[in-house]
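**Student:** This is the structure I have questions about; it appears just below.
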Amino acid sequence: MAKLLLKLQRYFRRKPVRFFSFIILYLTAGSLAFLHSSFAGESTETSKEPVAVETINGALVTQNLGLIGRVFKETPKPSRRYGPPWLKPASKDPSERGRVGSWSRALKGRSTRDQEESRAKYIGCYTDNTQQRALRGSSFFDYKKMTVFRCQDNCAERGYMYAGLEFGAECYCGHRIQAPNASESDCNMECKGEKNNICGGANRLTIFRLELSQESARRYGSAIFKGCFRKPDNVSFALPVSALIPNMTVDKCVDFCTEKEYSLAVLAGQTCHCGFPTLRFPLHEREDEQLCSQRCSGEEFESCGNDDYFVVYQTQVQDNRCMDRRFLPSHSKQLIALASFPGAGNTWARHLIELATGYYTGSYYFDGSLYNKGFKGERDHWRSGRTICIKTHESGRKEIESYDSGILMIRNPYKALMAEFNRKYGGHIGFASQAHWKGKEWPEFVKNYAPWWVSHTLDWLKYGRNVKVIHFEDLKHHLFSQMKKMVSYLGLEVSEDRLLCVEGQKDGNFKRSGLRKLEYDPYTPEMRRMIDGFIKKVDEALKMKNQTGVPEDYIPR
């Protein structure tokens, strides 16, 4: 072996050109092999990526979504006589085919996580028709990763009351089921994204009723249902545009008012009125929906109101009366804090204040995601004096005394802690995973953050100058009156028309879906004893400052 190596060494010494040629050929061959494998892997991977096609205002927008391919559309699909090639035969197990109207069939084999995260009731198996859909809202397809929860969550996010799955991969949303029941055995196809779980069948829908939170908007297509309201005193002044529409439907009135560029579509029998919320028609006193129950002449499943009680929808037209925002025209010498514990609604309050005042809010911190969402005061130094108030979560005497005055936002600690935990592990509008809730993160989080909730509030009540206390719950349920107080406190003139505009734009870009709620109480008895004690301390401190105590729902009575 040594002699062979010696001969090779002598050979390459005599032939240096051949040696370098050999090295170059070797490297070239390796590079070509590497490039070939990269292109091959890339093309294979690309072929697996579904492409999403979404209908936005009637136009198709295509984008690659990687591992999750989604198709949202509003137009009906071409008729299909036969099922897709991957249609599996129905189970021949008589015991399985005999089960009717049970959770076990629709949620067969569901993981514990999905059962805990879902808040929906199984309704049954229904027929579907490609020409006349049973659920006529948005639809969404995923032929690789469809699950029951994905469909429910997407429909809930859009405010629909029902979610239905078909062909194992298609999701349909709607407010009403406009089709008859089918045999439970007809819904026999497994979901493409979770085996042993049923997602409808061939022209058959597995339908769930979504248990949305109260904050979730009811929709009719793109329009938001606002409620039933008494006829205003002077209709022509309150709602300046109107038309008599034969065979009236909600769609016709919404389309008419959208074309006229009004944010409200108001149905009164055969008449469609359009306008904006004003003091003549503020939408503050909702009536019983039964008073508006007269059916539309062109759509038997929807209510169109009557001459005395109107059905109101909010269109996609933006009310621009409160959308202009700018920095203060001159630098303010007064620093006003918008203080809160994390998770108490500070970002939401900033959104409302900017709409109500027309001025940007600032921040003690910098969050790029908030800046990109339109909070332009985020980049300004908090002492710049160009913003109407400054967001802060700081506590302690030195930090608090840096401000001349402040609005103190207080929220139920049980809700605030969960909101901040979701933000920390899921982002501004995301959710923490079940692993985080059930792991060591949640107990550790409560141990560290719950004492901060009480110390933050007590510090601001003790060291803050001219503090205005606003409870998150009051702002949520009485937005108009609470915003009126906040604008006055900031030293600005109140525009009530502008506040009515704020009510229509109140959610902003940071609102979590109303569906994904925990099915169990994450607080242990020990946690509750600790937090209840903190609530009593804050309640006592507020009353000592001649403030109303904490709202009653802080501690279940």
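The backbone N, Cα and C atoms fix where each Cβ goes, glycine too.
Got these off TrEMBL a minute ago, pasting:
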{"type": "REGION", "residues": "79-115", "note": "region 'Disordered'"}
{"type": "COMPBIAS", "residues": "90-99", "note": "compositional bias 'Basic and acidic residues'"}
{"type": "DOMAIN", "residues": "119-211", "note": "domain 'WSC'"}
{"type": "DOMAIN", "residues": "222-316", "note": "domain 'WSC'"}
**Student:** When the pLDDT values for the domain 'WSC' (222-316) are averaged, what is the result?
**Tutor:** 92
**Student:** What are the DSSP helix, strand and coil residue counts for the domain 'WSC' (119-211)?
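**Tutor:** Secondary-structure composition of the domain 'WSC' (119-211): 13 helix, 37 strand, 43 coil.
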**Student:** Based on DSSP, tally up the residues of the domain 'WSC' (222-316) by helix, strand and coil.
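**Tutor:** Going through the domain 'WSC' (222-316) residue by residue, I get 18 helix, 38 strand, 39 coil.
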